[in-house]
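K.L.:
Dropping a structure here in structure tokens format, bear with me for questions.
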Amino acid sequence: MELPDPVRQRLSNLSLTMFGDSSRTGPESSEAADNEMVSSLPLQMSLYFNSYFFPLWWVSCIVMLHLKYSVLPDYYKFIVITVVILITLIEAIRLYLGCMGNLQEKVPELAGFWLLSLLLQLPLLLFLLLNEGLKNLPLEKAIHSIFTVFLTFQVISAFLTLKKMVNQLAARFHLQDFDQLSASSATGRRARQSSEEL
């Protein structure tokens, strides 16, 4: 299951714009850019542990919500249930995109993971952690804090990994462009030499 082409293209363009190294004018090396793995082991380990921590977080959240449900005002009941449902849906998509983007070195998937983490998941989780009106219990503060640490680490490491991936893809593109240019100039020289011989 892959991202639709228009979404992939827009995420690729966004990634190139945000994470590309505009100061570089050419590839750094010819051989290293082709074979270097730029997947992030710390990011993958964090995603792995997060996939085991998330069910624990979800069960704890539901149990704590059940315990304090009668004390919460009606509007907070609706908000908390909506936020927990959103976090659950986003987390499934986010973990999938993070694993696929990191392991297969796909920039659009990893950029989607980074954007979901930074723009949706982190603000929702900070709302649950820092809102005083929710009357957070100590267990909730602990699990939300751990989840926030996971997310913060993943946002930072995904940013650094995306930067490396985009720079490597740019180097590959420049190498291919250089190879095509040198091949076409060699063909042009051969054509000129054969026409001169005639």
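Note that the numbers count up from 1, one per residue, in the order the chain is shown.
Yeah, the Cβs are placed from backbone N, Cα and C, and that goes for glycine too.
Remember, predicted model here, so these are calculated numbers, not experimental data.
From Swiss-Prot, here are the annotated features:
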- Asn13: N-linked glycosylation site (CARBOHYD)
- 47-67: transmembrane segment (TRANSMEM)
- 78-98: transmembrane segment (TRANSMEM)
- 110-130: transmembrane segment (TRANSMEM)
- 142-162: transmembrane segment (TRANSMEM)
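For each feature listed, report its degree of burial, its nearest neighbours and the pertinent distances within the displayed model.
P.N.:
In three-state terms derived from DSSP, Asn13 (N-linked glycosylation site) belongs to a helical segment. Listed in sequence order, the same-chain residues six or more apart from Asn13 (N-linked glycosylation site) with CB atoms under 8 A from its CB number zero; the list is none.
Tertiary neighbourhood of the transmembrane segment (110-130): same-chain residues 3, 7, 11-12, 14-15, 18-19, 61, 80, 83-84, 86-87, 90-91, 93-94, 97-98, 101-102, 136, 140-141, 144-145, 147-148, 151-152, 154-155, 158-159, 161-162, 165, selected by CB-CB distance under 8 Å and a gap of 6+ residues from either end.
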